[in-house]
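Below: one structure, written as structure tokens.
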Amino acid sequence: MMRLYYFLSFLLLPIYFVIIFIRLLIGKEDIRRVKERFAIGKHRQDNRFLIWIHAASVGESMIALNLVDNISKHFPEVRFLVTSWTQSSAKILSTKLPKIATHQLLPIDNIIFTKIFLNNWKPDLGIFIESELWPGTINEAAKQCNLLLVNARMSDKSFESWKKRKGFFQLIVKNFSEVIVQSERDLQKFNELGISNTTNLGNIKFANEKLPVNQEELIKLSEHLKNKQVILFASTHPEDEEIILPIIKNLKKQVIDCYIILIPRHPERIKSILDNCIAQDLSATAKSQNDLPVLTDDLYIVDRFGEMGLFFSIASISFIGGSFKQGGHNILEAAHFSNCIIFGPDMSKNTDIAKGVLQSKAAIQIKSGEELLNMLEYLLDPNNSRELKNYQENSLKFVERNQKILDEYLQIITKFFP
């Protein structure tokens, strides 16, 4: 089966080049770094123990940063290679990784580029985060070092798909020395697919450290918005904005002192978002146009990476994007800042976190734009200020209770150290 995969990936090599070229044209690749997709780039510098961590996108990248930080505290001699796939994660990792770590884009999953990449780096331990499984890369890497799959999760859709290709799934995942899943539900799915070397430690995102905040910026922003109730729409997709933008006018009519801030999941969409605002008769300014919100505008759009923590710091309520159709994003980043958290009907990629925060009365789930509008108006009514405060306090308590998970992950990871 793996030989067939290698053969097909070799035949598809010309198509890979076309795909990368198209991604360049639409802004999903950085021309300065595109060579890394073909394993042309940096290489290992010394013989110190090297841990390779692969983080597909932004959420996984935050976990990778946390792992690098905590492992290096206990093992300062260890060095790290962190790979990712998306440009958004690349920008975050390139700016936030410490000097003991190097970031590189993951090469295309083709045996030629994979072997060059592994020969350049020769990792001593590989850690893959969550659910991105590149068959060729994993199979070749397992020949060189132990591999761990951490915070593993599987959506119901993926589970049904893998059941039809159970043998191939086993061929990939059995390359991992340990599989650490994030919930009992995920454990059952992996076991049913024939993977027995699994452990459920819970979701390591529970243990993610608080997002960094520029204190000078925070003071300036807080002073600027001191008389406003800030509502943050975080990590939004076009499908979220189709629902959010039409309710903003009504919300601002009902709640005079509220101010809306929107942070798209992909800031490169800023032009289309501004165009949609105009179509909805909304006045909006992007952060790239003005460092501070224009108070007479209907909303402020943050089109820069790495500033989520700053805006969680000033928000009273945060709606977490991707929760109408994309399966949801990380709720817990907002919980660290004691926000009242709201999310939509689709949390299929974060089922257990969603269930946990709802049971703890640390978040609110809505089903539609109308429900969202009604809930925001209700929470911002001065008569309901105590209820709003309870949600804010409960969100922080929830995330604080789960900090021990990281220590349990590190106990397993460090078993594979020399």
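Glycine too: its Cβ is placed from the backbone N, Cα and C atoms.
The structure displayed is predicted, hence computed values, not measured ones.
Marked as transmembrane segment by Swiss-Prot: 7-27. Feature annotation from Swiss-Prot assigns active site, proton acceptor to Glu60. According to Swiss-Prot, the site 'Transition state stabilizer' annotation covers Glu130, Lys205, on the basis of similarity to another entry. According to Swiss-Prot, the CMP binding site annotation covers Pro264, Arg265, Phe305, Gly306, Glu307, Asn330, Ile331, Leu332, Glu333, on the basis of similarity to another entry.
Locations of recorded Swiss-Prot features on the structure.
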{"residue": "Glu60", "record": "active site, proton acceptor", "DSSP class": "helix"}
{"residue": "Glu130", "record": "site 'Transition state stabilizer'", "DSSP class": "coil"}
{"residue": "Lys205", "record": "site 'Transition state stabilizer'", "DSSP class": "helix"}
{"residue": "Pro264", "record": "CMP binding site", "DSSP class": "strand"}
{"residue": "Phe305", "record": "CMP binding site", "DSSP class": "coil"}
{"residue": "Ile331", "record": "CMP binding site", "DSSP class": "coil"}
Neighbourhood of Lys205 (site 'Transition state stabilizer'), C-beta criterion under 8 angstroms, separation at least six: Gly59, Met62, Ile63, Asn151, Gln182, Asn330, Leu332, Ile353
Cβ-Cβ neighbours of Glu333 (CMP binding site) (radius 10 Å): 24
Distant-in-sequence neighbours of the transmembrane segment (7-27), which means Cβ under 8 A and at least six residues beyond its ends: 34, 37, 87, 108-112, 136, 268
Spatial neighbours, same chain, of Ile331 (CMP binding site) - Cβ under 8 Å, 6+ residues apart: Ile320, Ile341, Phe343, Asn350, Ile353, Ala354, Val357, Ala363
Cβ-Cβ neighbours of Glu130 (site 'Transition state stabilizer') (radius 10 Å): 24
Cβ packing number for Pro264 (CMP binding site), 10 Å threshold: 22
Sequence-distant neighbours of Glu60 (active site, proton acceptor) in its chain (C-beta under 8 A, six or more apart): Ser84, Ser89, Ile129, Glu130, Glu132, Asn151
Spatial neighbours of Glu307 (CMP binding site) that are distant in sequence (at least 6 apart) but have CB under 8 A: Asn214, Glu217, Ile263, Lys287
Cβ neighbour count within 10 Å of Phe305 (CMP binding site): 18
